[in-house]
Amino acid sequence: MDQLLRWLWREEFWIPPGNHWKDMEMKEGEGHFPLPRHLIYTLPLALIFIAIRYIFERVIAIPLSKVLGVKDRIWIRAASIPKLEAFYKQHSQQPSQSEVVGLGKQCGLSQRKIQTWFRHRRNQDRPSSTKKFCEASWRFFFYLTSFTAGLGSLIDTPWFWDQSECWRGYPKQPVSEAHYWYYMLEMSFYLSLLLSISVDVKRKDFKEQVVHHIATIILIGFSYIANYVRVGTLVMLVHDSADIILEVGKMLHYALWAKTCDVLFVLFALVFLVTRLYVFPSSTLIVSMQFYEPFFGYYFFNALLFVLQLLHIYWAYLILRMVYRFAFMGKIEGDVRSDEESPVDDNEEEEEDGGECSWEQRKDAINSRLASLANNCVLNNLTNQTNRNSRLPKTR
């Protein structure tokens, strides 16, 4: 095992030709030299992040949701039927037609009642708007704090204004205390998201999110060990800039601030497309080739970046599709990127629009429909009376 690790960590694999690991050792006062054992600290930090999030959501996020007017939808609770409950938990939440027929025979219920029960039961498990607001507010708080601190630590560095400085003098580049903690906290945060992803809101791009978190953690860890810290700090800063707008847009979406969400969506689309599709690939792939010939570590690093770029292209497609809808329909359906949890069938949408709302909402809807029918009846009578009067002269 020790021989395998030594072979994998050979100099010619991870640093440019003509350089050695000994050349990268720092003297006291010059800064940190990246070592693999530093990454061990990210696991306890991730657990601390989870604890801080738990406190943040209950002390800050929930009161803030009430101030902004976030309201949870009231769903009809499914009746207590043990056989259906056991099937729901052990087999499937959406039974097929043949399974519905079999369950109907076992419980002595019609197929319609079986299907209605499963719709009600699925709606019970839907996360509330408050839960989704709390999740978005926690991410917004971290991204805003991380972006502000990262920008403050990078704005005076030469590679912030000239990306070629990321590779000039590599790999003999010291790592400052601020950038060390920037790396540790970013990796710990994404590790905490990966650990809590099973209890977070499950969205339509759940698989893409898992791939994104894993690729991000591997990318941050490898770039730190190989001392790609300068370019790594820029990549993290670029990602945080768009995520801030995304999360605050989600928060206001749950609070039903439609006009503000439209403005934030346009701003988010511009920032995302510019930073993720232009700044991100140009600062990592193009500039680095001006200093060194490609080596294995270079290919491995850019392979991980390419995985992230594929996800960026996928999300950019979703954003452009929403831009098209916004331009021609004047309305954004849903939240930016992936706010909906899972696709809903037509029957379930009918249930959500009618049968699942509270009695007050149903009463208002009925009253509005009755008023509309009454107005139509009056208009029809007036129209018919006018037509009869206009035909009288011709008859005479």
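Cβ coordinates come from backbone N, Cα and C, glycine included.
Bear in mind that TrEMBL entries carry predicted annotations, made automatically and left uncurated.
For reference, TrEMBL has these:
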type	residues	note
COMPBIAS	341-355	compositional bias 'Acidic residues'
DOMAIN	71-128	domain 'Homeobox'
DOMAIN	131-328	domain 'TLC'
REGION	337-359	region 'Disordered'
TRANSMEM	38-56	transmembrane segment
TRANSMEM	140-160	transmembrane segment
TRANSMEM	180-198	transmembrane segment
TRANSMEM	210-226	transmembrane segment
TRANSMEM	261-279	transmembrane segment
TRANSMEM	299-320	transmembrane segment
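When Cβ-Cβ distances under 8 Å to the transmembrane segment (299-320) are tallied for each of 38-56, 210-226, 261-279, the top count falls to 210-226. Counting residues 6+ beyond its ends, the transmembrane segment (180-198) has Cβ neighbours under 8 Å at 32, 38-39, 41-43, 45-50, 53, 142, 146, 149-150, 153, 206, 209-210, 213-214, 216-217, 220-221, 224, 229, 232-233, 236 in the same chain. Remote same-chain residues near the transmembrane segment (38-56) are listed as 32, 137-138, 141, 180, 184-185, 187-189, 191-192, 195-196, 221, 224-225 (criterion: CB distance under 8 Å, separation of at least six residues from the stretch ends). Listed by sequence, the residues of this chain that lie at least six past the ends of the transmembrane segment (261-279) yet keep a Cβ under 8 A from its Cβ atoms are 238-239, 241-242, 245-246, 248-249, 252-253, 309, 312-313, 315-316, 319-320, 322-323, 326, 332, 336. With DSSP states grouped into helix (H, G, I), strand (E, B) and coil, the domain 'Homeobox' (71-128) comes out at 34 helix, 0 strand, 24 coil.
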